[in-house]
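Peer 1: What Swiss-Prot records for this protein is below:
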- 1-32: region 'Disordered' (REGION)
- 1-50: topological domain 'Cytoplasmic' (TOPO_DOM)
- 1-15: compositional bias 'Basic and acidic residues' (COMPBIAS)
- 51-71: transmembrane segment (TRANSMEM)
- 72-77: topological domain 'Extracellular' (TOPO_DOM)
- 78-98: transmembrane segment (TRANSMEM)
- 99-140: topological domain 'Cytoplasmic' (TOPO_DOM)
- 141-161: transmembrane segment (TRANSMEM)
- 162-189: topological domain 'Extracellular' (TOPO_DOM)
- 173: N-linked glycosylation site (CARBOHYD)
- 179-328: disulfide bond (DISULFID)
- 182: N-linked glycosylation site (CARBOHYD)
- 190-210: transmembrane segment (TRANSMEM)
- 211-214: topological domain 'Cytoplasmic' (TOPO_DOM)
- 215-235: transmembrane segment (TRANSMEM)
- 236-256: topological domain 'Extracellular' (TOPO_DOM)
- 257-277: transmembrane segment (TRANSMEM)
- 278-288: topological domain 'Cytoplasmic' (TOPO_DOM)
- 289-309: transmembrane segment (TRANSMEM)
- 310-341: topological domain 'Extracellular' (TOPO_DOM)
- 342-362: transmembrane segment (TRANSMEM)
- 363-371: topological domain 'Cytoplasmic' (TOPO_DOM)
- 372-392: transmembrane segment (TRANSMEM)
- 393-396: topological domain 'Extracellular' (TOPO_DOM)
- 397-417: transmembrane segment (TRANSMEM)
- 418-438: topological domain 'Cytoplasmic' (TOPO_DOM)
- 439-459: transmembrane segment (TRANSMEM)
- 460-475: topological domain 'Extracellular' (TOPO_DOM)
- 469: N-linked glycosylation site (CARBOHYD)
């Protein structure tokens, strides 16, 4: 993020921010008052609408279409209630992160802080001398989890794009205009899905060259529109002629609940884009309202799609609800529209990881080589995500494992602990400490359960073909 500019003063042009420190308000940081929350380059900051678009795009698309199966694993009653609780807790943790960042900015006279810096400075407020002396590890840990999570999402997107386009093309000869019957068709074999991934590679590389969030908001808007249209088509189908739900269990067997929990935590992990968006917003005081509005929309979407999808297809629900739709061109287009949305989402997910890794690389080269090194590093990172998608068998489970570890840590474990360390020296109520401890324990349970389930699936060769990449658990 732009905070990296403060760490690497000799590196002038890498950031997505259009305004350099020399172009910032003439008062500089010396006029930064404790009661205000200013930022450099305010004239080039995003509007509230652009911020909302980015927030929706950063959350919708990750695990959304797998939520009906998640509700099945929890039960018709317990599933939606659990999604609501997890959504509330996740949004609360996002609010904690923003609150702590604001508080530390006022205390330290900083214009803005990213996630890693917020944790680092929060640990410096700890009553423990050992923690204060090792506070820099807080930033390193957060940056590591952010990079793993965001690049993991990017790997999944490669597989998602390849699998969906491959399915549409291979079923083209058998696809009809009759959407009343869900008929099984014989697929016409085409090239391997890995070749589809390589086909998308140059286009995603070009997309990753966009380093300005205001420009990315245009692509986010396109992604939101395409996903919005595809979701309307899905809703239009699943609300028709809903079967009698009396045979569906209100509470599923407890042995399948861990599968629900891991999927839900994965779906609600959007905390990585919160501070980057808040730091770029022109009027940051309005960000909490945008955050709660956007996450309320997302939570309602998650609960409704998960519940209605399970009600419509019952025990036959598949890993992606699109696999249950009729084989006609109308619903085949859902895959294409959603794939377009995922394509543009790649840029936003990639942005977070790039702004952590690239500044450290570019700051070590002469100024005349900065742009070349920047673009080369972006190209290499995109190629790495593509190579991982091509080479790693059962990529869905590998990403599930990474997501369970990173998402639980970033979304549920770290923010409550950050609140305790940040406010401990100023007096924090026992009730708040208890609340934060319970949330962190919940996140740790998600970490343990998600990791266990992913590892268990990875060592079970009979569950599916280990040589086939799949995103069925996520799309």
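These residue numbers are counts, starting from 1, taken along the chain as shown.
Glycine residues also receive a Cβ, built from the backbone N, Cα and C atoms like all the rest.
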Peer 1: Quick check for me: are there 3+ Cβ pairs below 8 Å between the transmembrane segment (141-161) and the transmembrane segment (78-98), leaving out pairs under 6 residues apart?
Peer 2: no
Peer 1: Quick one: what's DSSP say for residue 328 (disulfide bond), helix, strand or coil?
Peer 2: strand
Peer 1: State the mean pLDDT for the topological domain 'Extracellular' (236-256).
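Peer 2: When the pLDDT values over the topological domain 'Extracellular' (236-256) are averaged, the result is 88.
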Peer 1: Take the C-beta pairs under 8 A between the transmembrane segment (190-210) and each of 51-71, 289-309, 372-392. Which stretch has the highest count?
Peer 2: 372-392
Peer 1: Go through 51-71, 215-235, 289-309, 342-362, 372-392 and flag the stretch with the largest number of C-beta pairs under 8 Å relative to the transmembrane segment (257-277).
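Peer 2: Ranking 51-71, 215-235, 289-309, 342-362, 372-392 by Cβ pairs under 8 Å to the transmembrane segment (257-277) puts 51-71 first.
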Peer 1: So what's near the transmembrane segment (215-235) in sequence-distant terms, Cβ-Cβ under 8 Å and 6+ beyond its ends?
Peer 2: 46, 50, 53-54, 56-57, 60-61, 207, 301, 304-305, 308-309, 321-322, 325, 330-331, 333-334, 337-338, 340-345, 347-348, 351
Peer 1: By DSSP assignment, list the helix, strand and coil residue numbers for the topological domain 'Cytoplasmic' (278-288), in that order.
Peer 2: 8 helix, 1 strand, 2 coil
Peer 1: Check for me, if you would, whether the transmembrane segment (289-309) reaches the transmembrane segment (439-459) - at least 3 Cβ pairs under 8 Å, residues 6 or more apart in sequence.
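Peer 2: Since fewer than 3 Cβ pairs under 8 Å link them, the transmembrane segment (289-309) and the transmembrane segment (439-459) do not come into contact.
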Peer 1: Checking distant contacts: for the topological domain 'Cytoplasmic' (418-438), what same-chain residues at least six beyond its ends satisfy Cβ-Cβ under 8 A?
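Peer 2: Cβ under 8 Å, 6 or more out: 96-97, 99-100, 103-104, 118-119, 122-123, 125-127, 131.
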Peer 1: Across all the protein chains here, work out how many other Cβ atoms are within 10 Å of the Cβ of residue 328 (disulfide bond).
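Peer 2: Taking every protein chain into account, the count is 17.
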